[in-house]
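If you check Swiss-Prot, you get these features:
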{"type": "TRANSMEM", "residues": "25-45", "note": "transmembrane segment"}
{"type": "TRANSMEM", "residues": "73-93", "note": "transmembrane segment"}
{"type": "TRANSMEM", "residues": "97-117", "note": "transmembrane segment"}
{"type": "TRANSMEM", "residues": "142-162", "note": "transmembrane segment"}
{"type": "TRANSMEM", "residues": "168-188", "note": "transmembrane segment"}
{"type": "TRANSMEM", "residues": "199-219", "note": "transmembrane segment"}
{"type": "TRANSMEM", "residues": "236-256", "note": "transmembrane segment"}
{"type": "TRANSMEM", "residues": "263-283", "note": "transmembrane segment"}
{"type": "TRANSMEM", "residues": "288-308", "note": "transmembrane segment"}
{"type": "TRANSMEM", "residues": "338-358", "note": "transmembrane segment"}
Amino acid sequence: MLLLLAEYLQQFHKGFAVFQYLTLRGILGVLTALCLSLFLGPWMIRTLQNLQIGQSVRNDGPQSHLSKSGTPTMGGALILSSIGISTLLWADLHNRYVWVVLLVTLLFGAIGWVDDYRKVIEKNSKGLPSRWKYFWQSVFGVGAAIFLYTTAPSAVETTLIIPMLKDASIPLGIGFVVLTYFVIVGSSNAVNLTDGLDGLAIMPTVMVGGALGIFCYLSGNVKFAEYLLIPYVPGAGELIVFCGALIGAGLGFLWFNTYPAQVFMGDVGALALGAALGTIAVIVRQEIVLFIMGGVFVMETLSVVIQVASFKLTGRRVFRMAPIHHHFELKGWPEPRVIVRFWIITVILVLVGLATLKLR
């Protein structure tokens with residue numbers, strides 16, 4: 001929006017041409033979303049408290065969590081609104097990738113909002129029934145996949161890239177739709193499973209989102225893409241504005257979500273942010289790198305799968321409680337220790353993911 005204004009004002013002063021630079025608009029995206037979330041955060045927390053939109057806590061979980069009961073939830077709306085406003089202000093609104101990622105994020109956020117609403121407002125402990133949750137996730141995930149597949153200008157945009165191997169790729173054809181569906185929906189649910197401790201999900205999301213922003217910038221520049229032997233995806237660089245907004249909104253939310261949390265993001269935030277990460281990774285053809293950098297999300301998801309499978313097959317539990325962050329809590333780890341150690345793991349994995357740019 002402001003980019004269009006800057007383009008118009010260039011005829012009066014050439015200095016407005018500076019807004020054409022992706023790096024500047026990416027930084028402005030960070031700062032705008034950060035300021036919005038910090039400014040609106042206290043108001044949103046008070047509003048949620050006045051509406052008595054508080055988190056309910058399971059009695060069979062760690063006893064330390066009982067004190068969290070009643071903490072305002074659905075704070076993910078703060079993240080999404082900050083991301084949305086910042087992206088609309090600074091991104092090129094003629095770019096199809098911007099709209100794909102933004103719409104997927106908001107649509108998955110809508111699923112989470114309905115789930116949270118039923119849990120908190122209607123006092124329905126099950127929230128949105130799983131079959132309906134996965135149905136709408138599938139509808140939106142497949143819809144995004146089909147759009148990206150049918151509008152892909154070149155075969156490279158539907159090819160699976162194998163990192164760390166020179167010229168290693170697998171043409172997917174229509175299989176691209178299937179892979180994209182699993183990446184988007186899987187990422188959405190993985191972040192949601194991780195969102196169980198104060199700040200546990202948001203900081204890894206910020207770090208992975210920032211790294212994906214780097215991939216977007218490099219993939220959208222033909223010279224960098226050729227030098228680094230990564231797919232050149234025209235227009236992908238514009239997503240650095242969205243990634244910047246995600247970073248700013250995430251850090252602003254962390255200001256209020258850090259231990260002990262004043263607000264939780266709820267499904268409205270977790271489902272949306274996970275879907276955003278998955279969609280961006282698909283666009284820049286870095287699904288495997290996302291799997292590496294989002295190792296904490298993968299670990300949390302696998303712990304649930306293993307726990308459920310083991311209990312159904314043998315009647316025994318592998319972990320004291322799943323997702324695995326609760327297992328460590330029940331082993332006696334203080335909540336801040338679990339959180340920070342998972343952050344450290346994410347830092348390491350993000351660095352490994354970025355290293356794949358040069359490891360061939």
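Note that Cβ sites are derived from N, Cα and C of the backbone, with glycine treated the same way.
Per-stretch counts of Cβ pairs under 8 Å to the transmembrane segment (338-358) identify 199-219 as the leading one among 25-45, 199-219, 236-256, 263-283, 288-308. For the transmembrane segment (25-45), the residues of the chain that approach it from at least six positions outside its boundaries are 3, 19, 72, 75, 77-79, 81-83, 85-87, 89-91, 213, 217, 240-249, 251-253, 255-256, 262-263, judged by C-beta separation under 8 angstroms. Across 142-162, 168-188, 199-219, 236-256, 288-308, the stretch most heavily in contact with the transmembrane segment (73-93), judged by Cβ pairs under 8 Å, is 236-256.
Tertiary neighbourhood of the transmembrane segment (142-162): same-chain residues 96, 100, 103-104, 168-174, 176-181, 184, 230-234, 279, 282-283, 285-288, selected by CB-CB distance under 8 Å and a gap of 6+ residues from either end.
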